[in-house]
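These notes are about the structure you will find just below.
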Amino acid sequence: EESAFGYFITACVVILLAIVAYIALPKLEFFCYHVTKEKTCQSNEANAEHETKINLMNKGEEENPNGREGVLSTTDNSDGKEPSVIFIFKKLWPMALSVCFVFTVTIGVFPAVTADARSTIAADTSAWSGYFIPVSCFLLFNLCDWAGRSLTAVCMWPGKDSILLHILVIARIIFIPLFMLCNIHPRQYLPVFFSHDSYYIVVMIVFAFSNGYLASLCMCFGPKKVLAHEAETAGAIMAFFLSLGLALGAAFSFLFRELV
């Protein structure tokens, strides 16, 4: 209990320090100077770019009087306005909701439900009984999750416009009853349907691998659904929905554990 308390209190302290720094940073003279300097440089660059485009337009009119419309079309998005968050969200909402759903399912059962599994092939005093959860639950999950995330470096299937990606994300909901029907103890309502250790291990492998792979695909494809200058905002939206999925999963984990 003391180790767990120290683990979580450390994270809370770091988050608190980050919040304090985030609030205090804009008030520092050093920060204000460089932000103002950067904005001035960006404004000068924008003005120079605008002048260059005007010169090109004038030159294009002289060479091709009917080509003004084509030249103007290149400047439609150069008004310098920041893209609307809602406008960008409309472009990538399937990816945002998918990554949210992935982590809602994952955190909903891991580790609240999965950590209470008991081995049926080893006695209570055997070594495997003591290492069953650390190895089959936590170690195996992290290894397979890492493997799934790493696979996206060489394979990104299905594509960003494929409906199959979202079908696979929704299909992960099957892992909730699968784990609840494993040898989880204590239990009150549901029977044990998958009693052997091998069932639990196989489900854990597919569960963890799909979490890493599908979550990484969604996070990679999200910013690709928008224009280049909207990618930064898109990344922030995806990060928000990832965090939302973690929060929802943590909230539902109490319900899922009580239903076992």
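Positions of Cβ are set from backbone N, Cα and C atoms, glycine also.
All TrEMBL annotations are machine predictions without curation.
Here is what TrEMBL says about this protein:
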- 55-66: compositional bias 'Basic and acidic residues' (COMPBIAS)
- 55-77: region 'Disordered' (REGION)
- 6-25: transmembrane segment (TRANSMEM)
- 92-113: transmembrane segment (TRANSMEM)
- 125-143: transmembrane segment (TRANSMEM)
- 163-186: transmembrane segment (TRANSMEM)
- 198-222: transmembrane segment (TRANSMEM)
- 234-256: transmembrane segment (TRANSMEM)
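At the 8 Å Cβ threshold, with sequence separation of at least 6, the transmembrane segment (125-143) comes into contact with the transmembrane segment (198-222) through 3 or more pairs. Within the chain carrying the transmembrane segment (92-113), a Cβ under 8 angstroms from the stretch's Cβ atoms is held by residues 137-138, 141, 160, 165-166, 169-170, 172-173, 175-176, 179-180, 184, 207, 211, 214-215, 218-219, 221-223, 225-226, 234, 237-238, 240-242, 244-246, 248-250, 252-254, 256-257, 260, all 6 or more beyond its ends.
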